[in-house]
Amino acid sequence: MNNEVISTPGPQNHRAQNVTLRQSWEMNYQEAAIYLQEGENNDKFFTHPRNPKALSAYLFAHNHLFYMMELLTGLLLMTLSLCEAPAVPSLRLDVYVHATLELLALVMVAFELCMKLRWLGFHTFIRHKRTMVKTCVLLLQFVEAIVVLIRQTSHMRVTRALRPIFLVDCRYCGAVRRNLRQIFQSLPPFIDILLLLLFFMVIFAILGFCLFSTNTADPYFNTLENSLVSLFVLLTTANFPDVMMPAYAKNRWSCVFFIVYLSIELYFVMNLLLAVVFDTFNDVEKMKFKSLLLHKRSAIDHAFQLLVSRQRPSGVSLKQFDGLMRFYRPRMSARDRFLTYKALNTSGAPMLSLQDFYKFYEVTGLKWKARRSGEYWFDDLPHTTFLIFKGINLLVKSKAFQYVMYVVVAINGVWILVETYTLNSKFVPWSYIVFLTIYGVEVLLKVTGLGPMAYFSSGWNLFDFSVTVFAFLGLIALAFDMEPFYFIVILRPFQLLRLFKIKQRYRNVLDTMFELFPRMASLGLTLIIFYYSFAIVGMEVMSEKQSAKRCTKRSDMMLLSKMRVLSTLS
């Protein structure tokens, strides 16, 4: 790659020199676009491609087909656990089938790593920690899969708990990687407070053993081990009164022991633990935000130096910016590229300065839309039709129309409560048809009065439309007794959420919830990954013991209760 600043030559008489100059600028545009992508993706600059071979591998590894291949491979490896022993009975596969599928997925992972090795080079490849961890796990699981295929039987494979690494390394799971990184960075202070909590627990376990072990009717403190387990269960408030009742039944003054223990452990140390974790996580989040911002500014500095010339070293012209955007956003239209340039050029100077260019990521995220010359979407219609549509527009925008629909929704909610028992009937409730007709007319009026583009650009209107469509599908399922699709019928009460639009405070709550949904989804996926890994370890370590003891449904519920305890602590 050409890292030198290319000067703009004067008039040339030779076509070959112009072609060479154009190629040099094209290389600069492409390299500047790569720097900006590295800043956006938080890729370290030491992974920057340095030669044509590395560039071709970089471009291959940075397209959506490659990203989808990574995602599907990671999902396949994780779902194979449902088919491997101990498997879900309905999904059980023969050993050679799931081992072959595993080898196929691992070969795809090996291909992905080979492309990264070609792009990064050997020395950079071994410096990339996440890639090296992925490589080690790949080699380990490759050997295990071959052994399983040769022996035609599964052995104890705790390493399956490491399979989420292949999914987490996918481009689409960047938020999950960030959550995991911040969790591991928050561990040191968490471990300190956890040790303090365990220290107090051991002290109280010894005291409890000394005080209550003489009570033969108390199975919770008859040994030191049982004392520790009982106090741990008491701390999580699971099976809360049972731990205390035998001691309390013998001597009511024993409640002092449990009150002091719960006051220190549950209400002080546990809250202190939560506060420390929250504060540490916040600090890590702030530091990460600062490093991301500085990394983006550094990427912009690199790109800016590639776009200026010796004759004009202080700014980037429209021509150079347009060439950059052709590589950075290939699908962006020429109009949008020009508008982006104008939005960056707040000073009105002939060229973009470095200070203007620092706003690159914010401005390139904007969406541009041509403004209509008229006020309404139906301005070009005949006069009589225009008046009709304008009347509909005024109607759907009026407060009276909105409050009438709120009243209809409220009445519908009350009616659903009154006629809940009719859901099991084979006949379609007449109220269902009446309210659905009203909602359908409302949708038609709004689409007609506001226009399709304006109507579907509102999130609340999209919600109303989707609920109405599902209600219509539910009517069909109810009318034709389509039991597999009966779940659509129960979506009718979601129409009541429209009442939240009445008060601004309620709207703010729902808007905040929708804004937080992507972050909550990434946290949920992070939690699922932890559950997956611990479930694999639990199956491999304890499945034989459970089979030997012929577990009953009660023991299954006890295991579920323990998982809930661990979930509460996490």
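Placement of Cβ uses the backbone N, Cα and C atoms for every residue, glycine included.
These numbers come from a predicted model, not from an experiment.
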Among the residue ranges 219-238, 479-498, I'd like the one that TrEMBL describes as transmembrane segment.
219-238
Counting only residues 6+ away from its ends, which parts of the chain sit with a Cβ under 8 Å from the transmembrane segment (136-154)?
84-85, 95-96, 99-100, 102-103, 106, 109-110, 113, 160, 162-163, 165-166
Along the domain 'Ion transport' (66-286), what average pLDDT does this model show?
89
In the domain 'Ion transport' (399-543), how many residues does DSSP put in helix, strand and coil?
131 helix, 0 strand, 14 coil
